[in-house]
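Features of the protein shown, as given by TrEMBL:
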| type | residues | note |
| --- | --- | --- |
| DOMAIN | 65-177 | domain '3-dehydroquinate synthase N-terminal' |
| BINDING | 69-74, 103-107, 127-128, K140, K149, 167-170 | NAD(+) binding site |
| DOMAIN | 179-323 | domain '3-dehydroquinate synthase C-terminal' |
| BINDING | E182, H245, H262 | Zn(2+) binding site |
Amino acid sequence: MQTLTVELPDRHYPIHVGPGLLDDASLLTPHFTGRQVMIVTNETVAPLYLERLKTTLADYDVHEVILPDGEATKNLEHVERIWDALLAAGFNRRATLIALGGGVTGDMTGFAAASYQRGIAFIQVPTTLLAQVDSSVGGKTGVNHPRGKNMIGAFHQPRAVIVDTDTLNTLPARELTAGLAEVIKYGLIRDVDFMTWLEDNMAGLRSLEAPLLTEAILKSCAIKAEIVVEDETEQGVRAHLNLGHTFGHAIETAMGYGNWLHGEAVGAGMMMATGLSQRLGWLDEATLERVASLLNAAGLPRHAPTEVSAERFLELMHLDKKVTDARLRLVLLKALGKACITDEVNETTVRELLENWERQ
Ligand SMILES: NC(=O)c1ccc[n+]([C@@H]2O[C@H](COP(=O)([O-])OP(=O)(O)OC[C@H]3O[C@@H](n4cnc5c(N)ncnc54)[C@H](O)[C@@H]3O)[C@@H](O)[C@H]2O)c1
Ligand SMILES: O=C(O)C(=O)C[C@@H](O)[C@H](O)[C@H](O)COP(=O)(O)O
Ligand SMILES: [Zn+2]
């Protein structure tokens with residue numbers, strides 16, 4: 001097992017990464033704030049891992065909530081199911097929530113923890129690659145609104161992140177690929193050497209070679225932790241983690257939550273952000289090709305869906321949380337490994353990109 005620490009100014013928490021960690025009570029119990037524990041998971045993950053985690057925690061007062069699966073369930077109705085279960089069990093402020101599953105489970109459990117009795121402790125036990133490299137770290141929690149992605153939420157940091165890398169063995173290939181989008185993101189925004197490493201090792205990652213996956217998870221979490229420590233509530237540099245997301249979230253919302261996976265939409269969105277950076281003269285053609293090849297090698301889409309017109313894109317992109325004073329604020333690339341946030345891109349240039357971008 002290897003451990004990173006997220007060293008926030010006033011708190012810190014561990015990210016433990018390794019095989020078999022679901023069986024290790026000593027990684028979880030020191031972070032409990034009392035004996036009451038509620039595991040939140042979904043109907044796909046529960047048959048795979050819930051009993052094991054409950055056995056690990058047999059000495060505690062452990063309850064469970066099993067939610068339906070899917071991005072379309074990431075809403076207040078299902079957070080309410082968690083609140084209801086906590087109240088029905090008579091849980092108080094000393095209760096601890098555990099999110100066992102992917103980013104959907106983690107985001108909703110985190111938000112339930114942020115809001116139940118004005119805030120209780122929670123622990124992330126991510127079981128998708130995407131959740132292990134991104135959503136379990138950093139404390140962004142929340143739900144979607146029919147009008148826009150992640151529109152309702154709170155910053156609420158977990159007490160610990162426990163990444164059992166064995167759980168990736170049951171993950172469908174499409175979900176692994178979606179997680180690779182966020183892994184590639186870290187290379188693009190901050191670390192060209194990591195991007196080169198990904199180019200060299202993409203085939204091994206996709207065939208679930210454990211040492212490679214562990215290295216990719218550790219590197220991704222290290223980059224994310226570094227950025228979150230610098231800017232916990234996204235006043236500045238944290239927005240770099242949003243590369244491709246202004247386009248990507250528009251795709252997810254326009255297509256109906258769950259039809260394009262988050263990672264797939266971010267893959268196409270990163271390609272569009274890279275294309276815009278090239279149009280602005282910041283990147284050359286060869287760099288654009290290099291990004292396209294890496295996304296392709298990961299099995300990610302590079303084109304936007306035909307169903308989303310330029311007009312609809314722009315409408316949804318204006319709902320992005322980074323927008324200020326009605327101006328789009330986009331995360332683009334000044335160079336490979338060097339992200340920037342800008343509100344100086346002329347909307348006509350964005351419209352031209354959207355009108356001419358190949359659709360699939
Ligand atoms: N909070 C953040 O910082 C942050 C960062 C990135 C993404 N997100 C959010 O995360 C969500 C996407 O997360 P995701 O990609 O994990 O999706 P997800 O939670 O829907 O999980 C993907 C699928 O894999 C299944 N699954 C989970 N673990 C499994 C396992 N080990 N074996 C087999 N199946 C398994 C799930 O049941 C689901 O069907 C989006 O809502 C996105 O907005 C949040
Ligand atoms: O942690 C962050 O900050 C991120 O932006 C990570 C993203 O991968 C993630 O999808 C996040 O939920 C997007 O945040 P949002 O504020 O645009 O909803
Ligand atoms: Zn994301």
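Heads up, residue numbers simply count up from 1 along the chain you see.
Cβ atoms here come from the backbone N, Cα and C positions, even for glycine.
If you take the Cα of T128 (NAD(+) binding site) and the Cα of H262 (Zn(2+) binding site), they are about 12 angstrom apart, rounded to a whole number.
The binding-site residues listed here are G103, G106; among them, G106 has the most other Cβ atoms within 10 Å of its own Cβ. Taking A72, H245, H262 as the candidate binding-site residues, the subset whose CB lies under 6 angstroms from any atom of ligand 1 consists of H262. For H262 (Zn(2+) binding site), the number of other Cβ atoms no farther than 10 Å from its own Cβ, over all displayed protein chains, is 28.
For the pair D69 (NAD(+) binding site) and E182 (Zn(2+) binding site), the C-alpha distance works out to 21 angstrom. E182 (Zn(2+) binding site) and G106 (NAD(+) binding site) have their C-alpha atoms 16 Å apart, to the nearest angstrom. Considering only the binding-site residues T128, T167, T170, the Cβ with the fewest other Cβ atoms within 10 Å is that of T170. Ligand 2 lies under 6 Å from the Cβ of the following binding-site residues, listed in sequence order from A72, T128, H245: H245. Listed in chain order, the residues near the Zn(2+) site other than E182, H245, H262 are L130, D134, A181, K185, G244, G248, G263, A265, V266, G269, each with its Cβ within 8 Å of the site Cβ centroid. Cα spacing between A72 (NAD(+) binding site) and H245 (Zn(2+) binding site): 18 Å, rounded to the nearest whole number. A72 (NAD(+) binding site) falls within a helical segment according to DSSP. In this structure the C-alpha atoms belonging to G106 (NAD(+) binding site) and H262 (Zn(2+) binding site) are separated by 14 Å.
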